[in-house]
């Protein structure tokens, strides 16, 4: 056995030397040098100071500007809300525990951090699925003339939270569990043990199939179809230039958000899958810590991409930050608003 299993923890180190200690009661400096824990704490601090303001700013700006409250933007606000929850209830725990070198908040703090990290990550993933399907319906028009309404957007948001809860809640009630992972200062579902009491194997198979493979496959299918349709429409000049431009802008923005999410989560999911399918294989706590902490950047990627690529939101954000006097002026925001509205109600050619 290449690891040590205890009450509510699994450490990827044999206890033959007697070094292993509970991550809830003792510093874990035998897993890595103290400076590496401080480096993780600094990394989490950066995610907090960038992630919290930009996610909250997204919510505030959308609340202040009525023209941003379009059906397409509902799901983007949902992403920002999920990111805010991750920062407040997850990142702060990881920051503090990395700073002190162990899971100082105990099993309850571990469960809280693991739950909110899983919940936020799943809301983000399923929000991107809803975005992909919405773009597919509007641009590829498989349903003919279709207008994406506020009711559709709210149903999409409800769907994202239902799916996220169906993944994050079971470990709270005995189907799997949340354990410290990596250098034992952040937490996630139990991929490591075969404890029959928690039915970990069935949960991990369910999670990978229903909450990773299916949504990622859906995203790739819809965007593959979407890219082909946009290229064909541009070649045939089937739609107005402003509509084509707006479709390209929105599509580029959402594709980058998807790539950002995959960039953050695929390394973690891949490493967790390797651990699950190679039970007993040796791996270091530091090797697991890197993808586990890197996955948390997804809470920062999406709002940054949204701010950089959405001219309408950028104009409204500057308007808010400069107390009602946007340096870009009103002409650009008006033209962008018109094009975005046009995209949401495109009829078949």
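Even glycines carry a Cβ here, placed using N, Cα and C.
Membrane topology taken from Swiss-Prot puts residue 18 and residue 315 on opposing sides. Feature transmembrane segment, per Swiss-Prot, maps to range 153-176 of the set 9-32, 153-176. The range from 114-133, 314-333 that Swiss-Prot describes as transmembrane segment is residues 114-133. Mean pLDDT, taken over the topological domain 'Cytoplasmic' (62-73), works out to 86 on the 0 to 100 scale. Nearest by CA distance to residue 187 (disulfide bond), out of the glycosylation sites 2, 15, 200, is 200.
Rounded to a whole number, the distance between the Cα atoms of residue 2 (N-linked glycosylation site) and residue 15 (N-linked glycosylation site) is 9 Å. With all protein chains in the displayed structure included, the most crowded Cβ environment within 10 Å among the disulfide-bonded residues 110, 187 is that of 187. According to DSSP, residue 187 (disulfide bond) sits within a strand segment. Listed glycosylation sites: 2, 15, 200; maximum Cβ neighbour count within 10 Å falls on 200.
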